[in-house]
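Have a look at the structure below before the remarks.
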Amino acid sequence: MEIARRFIKERILSRDEFVLLLQQSGDADVREMLRQEAFALCRKYYGNKVYIRGLIEFTNYCKNNCYYCGIRRDNRNVRRYRLTEEEILSCCREGYALGYRTFVLQGGDDPYFTDERMTELIRRIKENHPDCAITLSIGEREKESYRKFREAGADRYLLRHETADEAHYRSLHPQEMSLSHRMKCLYDLKELGYQVGAGFMVGSPGQTLVNIADDLLFLHRLQPEMVGIGPFIPHHDTRYAGEKAGSVDMTIFLLSVIRILLPKVLLPATTALGTMDPFGREKGLLAGANVVMPNLSPEKNRKDYSLYDNKICTGEEAAQSIAALRKKVESVGCQVVTDRGDALR
Ligand code: 5AD
C-alpha cells in the first residue's frame, strides 16, 4: 500500500521498488487504488473518450522467426497472404465510411513490401483520406526507410520492444535479432517525428517481475506516445505451445501502472486481452486504457493472421460491428470518438 501510494505521488519508482509494487499486483486494495488513479488521469487528459483505430493486417509473410509468434517464418502451417494495394485501399474506404480516422497497417516483416511499395501505398491512402492518420507496424527497418515513410505521410509507428532485458530478449528471438537494434529503431522513429508505440507481452515465457520492472523503466526513458501490452497467448505451432498464457489481471494491473507512469499515453485495450477474457477490453478501459483497435482486414484473411491461438477477429472485434463496440464502450461510461486521436504532448 505504502509503495503504491508513493508511486501515485512520484509517478516513478526505482527498479527494486517496481518489483515490490508488482509483487502486490494480487492485493485487491492496491489494485483498486492504482486503477482509480489511472482512471482519473485518463479522464483528466482524455475525458471519457475512447479512440478507435482500424487495424489492417495486410501481410502475414514474415522473414523473422520470433519463437512465440504464430506467423514466424518457419511455421509451414500458415496459409500466407498478402493484400493487394487495391484491397488495402478498399479496407481504408470501408473504414472511412464506418468513421475510422486512423488506419494501422500491420504486417509481418515482409520484404515484398519494399520502401518503394510502402511509400506508394502511404501516398495513395493519404491522397484518398487526407484527414486520416496512418500508423505503421511493419517491424525493424533502416532509418532511411523510416524517413521515406514519414515523408510519404506516415504519422505513427508501433514497434513493441517485447522485453527490455537482453537475456530475456535472446530467449524469445533467434540470434539474428537483437534488442539493441530494436531500441535503436524506436529512437530513430522518435527522432523522425513519429508518434511512437512500444510495448511488451505480459507473461511471455521466462518473464520475471524484474523483467517487467525493466520494461517500465525503459518505457519511462523512451517516453513513447503509445504503449501496447497484452497477455502472451501460446500458439500451437511454436515451441511455447505448452506454456501457460499471461494473466488478464496482471495485464489490467500493468495498464494502470503504465497510465500513471505516462499519464498522457495512448493505451489500447488490446485484442489479446479481449481474446483471454470476454470483458477484458471493458476492464482495460476502466483501468486506464483509452484506445481500441478493431479489425478492418478482409474477412477472408482474418483467421490467417494467427499470432496466437483463438485470436478473436469476428463479432465485436470486427471494425464493421461498430454499433456493438459503441455499446460495449458505453457500458463502462466511455464514448467512442472518431477523430484522429493524436497523442497529447
Ligand atoms: N501472444 C501474444 N501476443 C503475441 N504477439 C506475437 N505473438 C504473440 C503471442 N503468442 C504480439 C507481439 C507483437 C504483436 C504484433 O503481437 O508482442 O509485437
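Cβ coordinates are placed from backbone N, Cα and C, and glycine is handled just like the others.
Heads up, TrEMBL stuff is auto-annotated, nobody curated it.
Taken from TrEMBL as is:
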- 48-264: domain 'Radical SAM core' (DOMAIN)
- CYS62, CYS66, CYS69: [4Fe-4S] cluster binding site (BINDING)
- SER137: (3R)-3-methyl-D-ornithine binding site (BINDING)
- GLU162, ARG182: S-adenosyl-L-methionine binding site (BINDING)
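Overlay of TrEMBL feature records on the structure.
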{"residue": "CYS62", "record": "[4Fe-4S] cluster binding site", "Cβ contacts under 8 Å, 6 or more apart": "CYS69, ILE71, ARG72, ARG73, GLY107, GLY108, ASP109, ASP110"}
{"residue": "CYS66", "record": "[4Fe-4S] cluster binding site", "Cβ contacts under 8 Å, 6 or more apart": "ARG72, GLU162, LEU172, HIS173, PRO174, MET177"}
{"residue": "SER137", "record": "(3R)-3-methyl-D-ornithine binding site", "Cβ contacts under 8 Å, 6 or more apart": "VAL104, LEU105, GLN106, GLY107, TYR157, LEU158, LEU159"}
{"residue": "ARG182", "record": "S-adenosyl-L-methionine binding site", "Cβ contacts under 8 Å, 6 or more apart": "GLU140, LEU159, HIS161, GLU162, TYR169"}
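In the vicinity of ligand 1, defined as a Cβ distance under 6 Å, the following of the binding-site residues CYS62, CYS66, CYS69, SER137, ARG182 are placed: CYS69. All protein chains included, GLU162 (S-adenosyl-L-methionine binding site) registers 21 other Cβ atoms within 10 Å of its own Cβ. Taking the centre of the Cβ atoms of CYS62, CYS66, CYS69 as the [4Fe-4S] cluster site, the nearby residues of that chain (Cβ within 8 Å, site residues left out) are ASN64, ASN65, TYR68, GLY70, ILE71, ARG72, ARG73, GLY108, ASP109, LEU307. Cβ neighbour count for CYS69 ([4Fe-4S] cluster binding site): 21 (other Cβ atoms within 10 Å of its Cβ, all protein chains included). When secondary structure is read from DSSP and collapsed to three states, CYS62 ([4Fe-4S] cluster binding site) falls in the coil class.
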